[in-house]
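Per TrEMBL, compositional bias 'Polar residues' is recorded for 193-203. Marked as domain 'Cadherin' by TrEMBL: 3-83, 84-192, 193-307, 308-412, 412-534. The annotation region 'Disordered' is assigned in TrEMBL to 184-215. The transmembrane segment annotation in TrEMBL covers 539-560.
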Amino acid sequence: LHSDQDRGDGSLKYILSGDGAGDLFIINENTGDIQATKRLDREEKPVYILRAQAINRKTGRPVEPESEFIIKIHDINDNEPIFTKEVYTATVPEMSDVGTFVVQVTATDADDPTYGNSAKVVYSILQGQPYFSVESETGIIKTALLNMDRENREQYQVVIQAKDMGGQMGGLSGTTTVNITLTDVNDNPPRFPQSTYQFKTPESSPPGTPIGRIKASDADVGENAEIEYSITEGEGLDMFDVITDQETQEGIITVKKLLDFEKKKVYTLKVEASNPHVEPRFLYLGPFKDSATVRIMVEDVDEPPVFSKLAYTLQIREDAQINTTIGSVTAQDPDAARNPVKYSVDRHTDMDRIFNIDSGNGSIFTSKLLDRETLLWHNITVIATEINNPKQSSRVPLYIKVLDVNDNPPEFAEFYETFVCEKAKADQLIQTLRAVDKDDPYSGHQFSFSLAPEAASGSNFTIQDNKDNTAGIFTRKNGYNRHEMSLYLLPVVISDNDYPVQSSTGTVTVRVCACDRQGNMQSCHAEALVHPTGLSTGALIAILLCIVTLLVTVVLFAALRRQRKKEPLIISKEDIRDNIVSYNDEGGGEEDTQAFDIGTLRNPEAIEDSKLRRDIVPEALFLPRRTPAARDNTDVRDFINQRLKENDTDPTAPPYDSLATYAYEGAGSVADSLSSLESVTTDGDQDYDYLSDWGPRFKKLADMYGGVDSDKDS
């Protein structure tokens, strides 16, 4: 910079301000020369704006106005092109046509595009030929080779260069890598590795059982490698099936129907493998399917017997006798050996053992009587078992229907109890009867109703059969009197029309009732008739009261007698008195062998010591004492005396033979004492002759004890 006021005497001073002043740019204050202190980069800042001024060195006043000037940085080619990505990834379908777009790469240059060719970039391919090419100006990569096959090579690495200066010598350059993958297309059909497959399966294999696996190979991947298997032809087209395993792409041969070694031993199938997803542009390569032959051999196994039917249905009349044959079932061994078969009934299905079967020929017969009304259908299971191999058995359901026989008489559908009005007219309907029958005839029920013969002639009612399994009861006369007859019992005979004819007699109860004018029942109880010369109301009430009083008296008397019977013979020890027990039944003496066995007295060993009295309830139970048995043929008197002594000395022993023990006898008795207590304390025998003076009631007793002396003497 230079001012016109500068005479070169050093009186002026130059100063600089603005962008980069004093840092990037400095000025010589004496000469005004501006210099750069370091290298400048246009890419960092292309333009600097500075301001300069000349001032008087002494006064510091400007000698000229401030001047502004712009410094532009001139560009040079100092930046190479840079790609937006270090590595590009792209895909392209295999077998694509030449020129198919793959991917576009882009590189940028920081130099000034408006100045020269420093920023003009040109693309070229350094690696990847002859498979791919790149457009020099756009950076678009395309296929350069026809029919690139993924199955031969799948991955490609392409290196692209971007160079500035329009690609001329001396230009700067940059590179990037592009990884290109060929994607699969369905250009390969499935192929079986072998033309024939062979499998074996037992004839007992159930439907759905897998037999074997076959697999066709396909060079493609993904859905292009999916394979569908099918049976196109062969002898076992309807016996076998093939399904595809979606995970392994294998074909699984399975059993479709039950096999029979005795009918067919070998099956030949033709299995086809095909691609479900086919691209039409590759059909020229040929059909996308392949076929193979599958040979299946059926192995023989020991099979259970087979019945001639899947189920049997038999019928039998309910009046069939036991051992009546109903029908038969048939089963045989399907194997070539034809082993013999025996039959049996599964008793879990015939718990009552109503039926049985002949184990040899399979004949079904009854073992109990049947009743259709109890059970109409009998569902049982028959088992057929090989005799040589009991493990081989099969079952078949057998349905037995019991046919109806007219063995049940018809009965009233309900209990009939009706009424007739006292003022009823003749031939008036008072009740409709209906009947039911447990039987079920083929032509339906046909019931007939009639009065029982013993009641038909003198009955006050008639029965009219309606011929529709109902009947009506009609009055036979005009007017009924409930005071004369308040209740009628009509025996009605009901018969069916089947063979043999069954009938029953039911009773209809008819009450005579008072009714209003419309025939509605008011009262069915017979009121007492009041005659003109009869008793008054007060007299009737008095009679009723007397009857009630008499009934109460009878009840009280009966209660008192019952209470007396319950009183014990001795109420307490302090109540010391004689008690005479009266028995209405007179004993028969020694000749009466039914009342008491006198042999027991002569054979004391036959007495059960543990037997207690039955005429009173014991307050406590004591173990009976064992007493020495009297010798054989001991006199009855000595035996009784011995027992009396034992009971006197043992207070815990219960009294036997209904002998009441008294501690004291009262003195008020007119007759002498009958107690045997004194007999044990006296040495001499007691005289019983006084018994004959007591009258005819004690005659037997006097005869028994009056002849004791004569018995001793004899």
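Just so you know, the numbers here start at 1 and follow the chain as drawn.
For all residues, glycine too, the Cβ spot is worked out from N, Cα and C.
A TrEMBL annotation is a machine prediction, not a hand-curated record.
Panel annotation: around the compositional bias 'Polar residues' (193-203), residues 209, 211-212, 214-217, 253, 255, 259-261, 271, 292-301, 303 of the same chain, lying at least six beyond its termini, place a Cβ under 8 Å from a Cβ of the stretch. Broken down with DSSP, the region 'Disordered' (184-215) shows 0 helix, 13 strand, 19 coil. According to DSSP, the secondary structure content of the domain 'Cadherin' (308-412) in residues is 0 helix, 47 strand, 58 coil.
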